[in-house]
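Only one structure is covered here, and it is reproduced in the block below.
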Amino acid sequence: MKPTTISLLQKCKQEKKRFATITAYDYSFAKLFADEGINVMLVGDSLGMTIQGHDSTLPVTVEDIAYHTRAVRRGAPNCLLLSDLPFMAYATPEQACENAAIVMRAGANMVKIEGGAWLVDTVKMLTERAVPVCGHLGLTPQSVNIFGGYKIQGRGDAGQVLLDDALALEAAGAQLLVLECVPVELAKRVTEALSIPVIGIGAGNVTDGQILVMHDAFGITGGHIPKFAKNFLAEAGDMRAAVQQYMAEVESGVYPGEEHSFH
C-alpha cells in the first residue's frame, strides 16, 4: 500500500468525497484501523484524558505525544499521521519548531496546533522548515480554562472571527484544518471558503472529513458523552465492523446526523 499523503485529501475535497479519520494511541489499534482502511490518524493530546485519566489535556507533554506517535507509526506505517503539539509546546514560533522536530522524528507527517490568527507566524515558520501544519479552531480543548468549560464556539459575531482565523491560517501555509464544536452553518461557510480540507468533530456532516476520538466511537468513554459522539460498536457488535460502519456512515453523510449537530 502506498503512503497516504495530504494531496490525496486535497483530491477528496475537490471530488467531494467525504473521508473518515480517527484518533489512535497505540500499535494494536493503529494496525486495526489501517487494516480496515482508515488512512488518516491523529495522535491527539486527548490521550491525557482517554489514556492517562486526567480531567483535561493540559498535563500532556511533547514526550508523551512522541511516545504514542512512535507506537502508532509502527502499527500504521502508511497512514497520514497527525500529532498534536500539546499545551504550551508552541508558545513561540521557535519553541514550536523545536517540539515539532521531536514529534516528526517520532513518525508524524504533520503537527496540529490550536488557535487562530496569533499562530500565523508560527505556521509560516513551521511550513518554511518543511513541517506540514494542521490548524484547529472552534472548541480548542487546551483553552478550556479561558472558555470556562467545553462549550459550542463560533455562534453570532464569533463566527466571522473564526472564519477570518481559518483564512489567515490557510494563507500562512496550513494544509488541513480541524473544526470542533461549531454550528453546522458556520462549518459549511468555512469548508466552502477554504481550499484546504476541513475535518469536523461536532461540526455536522458538511465538512470534507470527520474525526472521532476512538473511545467515543467504541462507546468506552466514561462519564459525559459528547452530543456529537456515536457508539458504533453497540450497533456493529465487533470492533472491525464498527470501524467499517463509521467509515461507511461518514462517506455517505449519514454520520454525523442532525442529532449529533449544533446550530
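Cβ from N, Cα, C; glycine included.
According to Swiss-Prot, the protein carries these features:
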- ASP45, SER46, ASP84, LYS112: 3-methyl-2-oxobutanoate binding site (BINDING)
- ASP45, ASP84, GLU114: Mg(2+) binding site (BINDING)
- GLU180: active site, proton acceptor (ACT_SITE)
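It is ASP84 that, of the recorded positions ASP45, ASP84, GLU114, GLU180, has its Cβ surrounded by the most other Cβ atoms within 10 Å.
In sequence order, LEU42, GLY44, LEU82, SER83, ASP84, LEU85, VAL133, CYS134, GLY135, HIS136, LEU176, VAL178 make up the list of same-chain residues 6 or more apart from LYS112 (3-methyl-2-oxobutanoate binding site) whose Cβ falls under 8 Å from its Cβ. Long-range Cβ proximity for SER46 (3-methyl-2-oxobutanoate binding site), meaning a same-chain Cβ under 8 A and a gap of 6 or more residues, is found for THR23, THR57, PRO141, VAL213. Neighbouring residues of the recorded Mg(2+) site, listed in sequence order and excluding ASP45, ASP84, GLU114, comprise GLY44, SER46, THR57, VAL60, LEU85, PRO86, PHE87, LYS112, ILE113, HIS136, THR140, PRO141, GLN142 (Cβ within 8 Å of the Cβ centroid). Under the DSSP three-state reduction, GLU114 (Mg(2+) binding site) is assigned to strand.
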